[in-house]
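K.L.:
Input: one structure, supplied below.
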Amino acid sequence: MEFTTQQTAAIEKRNKNILVSASAGSGKTRVLVERVLQRLLAGDNVDEFLIVTFTEAAASEMKERLEKALRQAAAESEGSQRAHLMKQLRLLKVANISTLHAFALRLIEQYHYTIDLDPQFRLADTAERNLVMQQIMDQVLERQYQQPDADFLALVDQFTDDRGSDESLSQAVFKLFDFAMARPDTNEWLNQLPLAYQMAQQVDRQDDSATLETLYDLIIDNLDDLIHEYQMLLEQLPATDDTSSQNRRTDLDDELAQIMNLKTQLQSGGDWDALRASFFAVPFNSWGGKGRTANRKWEADEKQAWKQVTQARADLKNQFKTLGTKFMVLDQAGLQVATAGAKQGVQALVKLTQTFAEIYLADKKERKVFDFNDLEHFALEIVQQPATAQKLREQYVEIMVDEYQDTNYLQETIVQALARGNNVFQVGDIKQSIYKFRQADPQLFAHKMQTYAGAQDNNELITLAENFRSQPNVTNFINYLFEQLMSLELGDVEYAGDAKLIAGADYYPKNLPKQAELMIYFNEGSENDDAEEEQSGIERLERYGKDALTGSTGQIWMLGQKIKQLMADHFQIFDREQQVERDLTWDDMTILVPSRTQNPQIIEIFKALGIPLTVQGSGNYFQTLEISIMLDYLRLIDNPYQDIPLAAVLRSPMYQLDENGLAWIRIQAPDAAYFTAVQKFAQGDLPEEILADVKLADAYKENQAKVKTFLKDLAQFHTTAVQNQLVTLIWQIYQTTGWLDYVGGLPGGVQRQANLHALYERAASYQKTNFTGLYQFNRYIEQLQKTSADDIGEADANEATNTVHLMTIHGSKGLEFPVVFLLNTTKMFNQIDQQGHLILEREAGIGLQYFDRKHHVKLTPPQYLKVQRAIQKADFAEQLRVLYVALTRAEQQLFLVGTYKNMEDLLAHWELSSKSTAEVSMLDANIRLSQRSFMNLMGMAIARHPQFGEKLQPFADRFDVEVKPHQILTPTDAFEFQLNFQTSDDIQNAQPVSTSIEAAPVDEQYDDVQISPADVKNHLEYEYPYEMATRTTSYQSVSEVKRVFEDPDLAEGRGLADHRLNNGIEAGQRLLGQELKVPKFMNEMATKPTSVSRGTAAHLVLQKINLKDGVPTEQDFQTLIQQLIQDGLIESSLEHLLPVTQMVDFFKRTSLGKQLVANFDTVQREVPFSMLIKANQLYQNFSGDERVLIHGIMDGVVTVNEEIWLFDYKTDYIAPHTDGQALLKARYGGQLNIYAAALTAMGYAKIRKFIVALSNLAVYEFKD
């Protein structure tokens, strides 16, 4: 693909500071790599560049792309040019292509002596850092308490809770410290914070503009919104001319006039108390009282119209009162008290934070342990040394910064200190700045966009607006939304002109499906959705039917059913690599979520629906069974007198006490600690009341034995904890209890074992810190849990292929997917940064409330409101950018999923767009700012589309809701969209469930009920239609039912009776084979291996043999067999009985064997499956809708030219001159048919079936 004009400019421009504003999908990484390559082709060296990326993964990708480009260029070059490029390949390994943290570390290693820093240090992780900070804070507070001053005591009084704890004070210091550390001028910024709390004695706008200007402006902004809504309401009044109507119009006119007059007073300034008096003097006459009666009777439609006006006026009245409650509660004296008290608190908090920072840094230097913030500050110190800075400037011919929108002020200062004035190339997209929580400052990007615009000597702005990723329908849909939502005021950029996406992906076929779909689940039946968020809804759905679904689970079911529908419909997508249209696969679909809180529900529901799912960063590491039990055990070893962990461990699979056992323990010592009761229970005799019941006595003794084992283990582990390292203790627990092996046998066992290994590795890294002992490790883990650092368990278990992907929006940044589902779009935005005693904002500074302990009231000074408003706007802008990132991940299709209580609830939000000015594309700022979810914002925008009313009407008719006329905003570029509203009825109809009807209360009487003789006869002669299901298990293995499937025609129902058990199921509760297992004692007496054991061993060898290194040799097989014997997996007596020669020849000589080697990366061996089939395919007497679960394990499958080849190894002896294919088909044809049916159910279309007969080395293909 050729470069566009703008891309070429970004590649070729030199000797300027260049800012590239690159929209999503515009090829910025390609441009960046090409710019570097062109510089290298021109003679520069790669180690003369400083290239800063946001993540290490991005740095690795950059190096890989550069290496590939350099190798290609070198292959096409000759002579000195080729030698120069080969040199660059060698230098690439040491090139400065990394994150800024990694660059800072290298800088420190090289120039540490310039700032008197010992280079022998290590970096602490977040948990260790938090523990050390708490230790230092405890020391600082202890010193302050010993020598207190008035300001400190006042600060403690502000942050001490009712229980006397000063924990919130420590957290306030940490919050301010971390915020300040993201700045290059940490102390200077801290010192200026109290200046905002200066206040004049007379409170008015002229005398104290710095303090009150924002407060006045906030009130004016809200009044503007009220004025606008009043004006719209007056325009929409019913055209009635009776006395009551005229009086009500007069009231509305008077109210509007007084509100406008109040705005004028605020704009001109004046005495605060006078303004408050004017505000609270605005009258709101009562409607419907004396003198308000109409002089004629209203018609029904007029009455309804005035009812709506009355409700709208009541809403405006409430808004006005809320405005007074928020901004005008305090009079002049109250403002003075609140401001003075907050100022004292800010001064004391700043002083305490600076003291903490000083002692903390000294401690880190002494221990030689630093964190990532320190790296950047040390790097800044180094580059501020004139001689060092000059040397570095001469070294770097160009500084390149990728993802510049995610840079903070400190990082920008480091970069500028290294710049020459015309050699900084920065690329990013302010619309994708989504790391505010990491102190990223998009204002840096916004400021440069403004200052670099236009012709300048040293600075230039280049915009890449073309999107080469997404289908035009996607880009047009996104543009339509964001030209109404994202503005300079709320979003940091005006979404217009070059900021909009330009559809550049012209390679998509015209007939490709193109539709953005808004999927809404109505949750009217749930009274308390939040209380049920922890449940998946599966069990509740099966038991209670549609009433079980909550909003959170309902939308997941709806999404899952949509995914299955797309697969069943063979939904078409365009394969960009193959340049062909094809059926959608699981792997093409990605679900994006705002957070991981719903992941457990999604996993469980998708499992129930049979949808394969891969979860990126499951986010529940510490909640997994294997880890939570281990952590509880570690807590017990440190201190066994902890009731909840103790009960959890005893109840766990490690010791398996039942409820009776736990109860018997508690009875031993009802009022003592539970551990005391455990000890008594272990040593006590059998109670007399239990002795009489043999069964109960046996259970009692069994539980007692388990408790004794536990106490023995606990004592042993405690000794190990005292005498040995932590990793020794953890491994001993794994081995003694068998916990590591046990969890390996659970579903997801590989990942579970990886989680336990990760805990072991975390303990090993912990031992390298300055902390020691089990107690400190438990605190360390608690810190990890508090900071959500639960990625320690993200050990790679082999990721499944061809699955739907689930990840967070933040995790998807930089990626792209054919089909995107954005789930939980109605999740409320997190507004925690806007709340609390202490709030912080980059530019607005610090907001601190003052707690008047004498009157027990919290006072909010104007400065707090100013900071709060700034945070509110910054948070909203961040959420808009997060939404933009989510939507721009889609290549071809977008599905937006959310939930509302009902249709009225939806329209209450979406129809707010009607309050905006019709002629202006951008929605009203205050209306946008009032919305707290993605779907509310998108709904308001889409409600202005010309086709919205037409698409909404069928649902309005269905739900009997009146749709108001809506504003029309015609999109600049057309796109198609669809509305899809569902309820629990729709979910239940699409997903068959069993329901149970609760019996009526016993005391209900139905005296008037009469039963006819016919009813009595029907009840007495009733036969349960599923009686046969009560006489057999619903669980069958493949070996038990394989003969049912020996004829593929059975799938069509032909000849089925010949294969079913003619005598029903009297032979037993399962289908039984002709052979029974040999009793254990006879196996032990056997002198030679059986054919079954030989077959099992052969299968194991073929499962384990390595195919990656080509055709395995006889030596490869012999080495593997010896290893399996050594591991105890194969009996030594089998060593010379395995058909090794045939195995080698199979891979060397047969077509199937060669394909397995050639396609080793697609080979899957020992593939487990479960499948539901109709029971009447097994039993004559079953009804048509009963089902049986079949389970089994396929020997293997391999993908060959888009076909699935299913293969099964057999070691059966086949006599000479025997038709081996007929023999094996008779024995195993049904088994292969079951496997093929299972693969078909998994979504595979083209399947070929093979049996490998090892005894005579033949491969038989079985065709339907």
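Here the Cβ of each residue, glycine as well, is placed from N, Cα and C on the backbone.
Unlike curated entries, TrEMBL annotations are predicted automatically.
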K.L.:
According to TrEMBL, which listed range is coiled coil: 52-83, 180-211, 596-627, 788-819?
P.N.:
52-83
K.L.:
Looking only at the domain 'UvrD-like helicase ATP-binding' (1-471), what is the model's average confidence as pLDDT?
P.N.:
90
K.L.:
Counting other Cβ atoms within 10 Å of each residue's Cβ, which of the binding-site residues Ser23, Ser26, Thr29 comes out lowest?
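P.N.:
So among Ser23, Ser26, Thr29, the binding-site residues given, the one with the fewest Cβ atoms within 10 Å is Thr29.
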K.L.:
What same-chain residues, at least 6 away in sequence, bring their CB to under 8 Å of the CB of Ala22 (ATP binding site)?
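P.N.:
The list for Ala22 (ATP binding site) reads Lys28, Val31, Val427, Gly428, Asp429, Thr463, Leu464, given in order along the sequence.
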K.L.:
Around the C-beta of Lys28 (ATP binding site), how many further C-beta atoms are within 10 angstroms, looking at every protein chain?
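P.N.:
So the number of other Cβ atoms within 10 Å of Lys28 (ATP binding site) is 21.
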K.L.:
Could you check what DSSP calls Ala22 (ATP binding site) once collapsed to helix, strand or coil?
P.N.:
strand
K.L.:
Give me the long-range Cβ neighbours of Gly27 (ATP binding site): same chain, 6+ apart, Cβ under 8 Å, in sequence order.
P.N.:
Gln7, Leu464, Phe468
K.L.:
Excluding near sequence neighbours, so keeping only residues 6 or more apart in the same chain, what lies with its CB under 8 A of Gly25 (ATP binding site)?
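P.N.:
For Gly25 (ATP binding site), the qualifying residues are Asn467, Phe468, Arg469, Ser470, Leu501, Gly504, Ala505, Glu816, Thr888.
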K.L.:
List the same-chain residues at least 6 positions away in sequence whose Cβ sits under 8 Å from the Cβ of Ala24 (ATP binding site), in sequence order, or say none.
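P.N.:
The answer is Asp429, Lys431, Gln432, Asn467, Arg469, Leu501, Tyr884, Val885, Thr888.
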K.L.:
What three-state secondary structure does DSSP assign to Lys28 (ATP binding site)?
P.N.:
helix
K.L.:
List the other residues in this chain whose Cβ sits within 8 Å of the Cβ centroid of the ATP site residues Ala22, Ser23, Ala24, Gly25, Ser26, Gly27, Lys28, Thr29, in sequence order.
P.N.:
Asp429, Leu464, Asn467, Phe468, Arg469
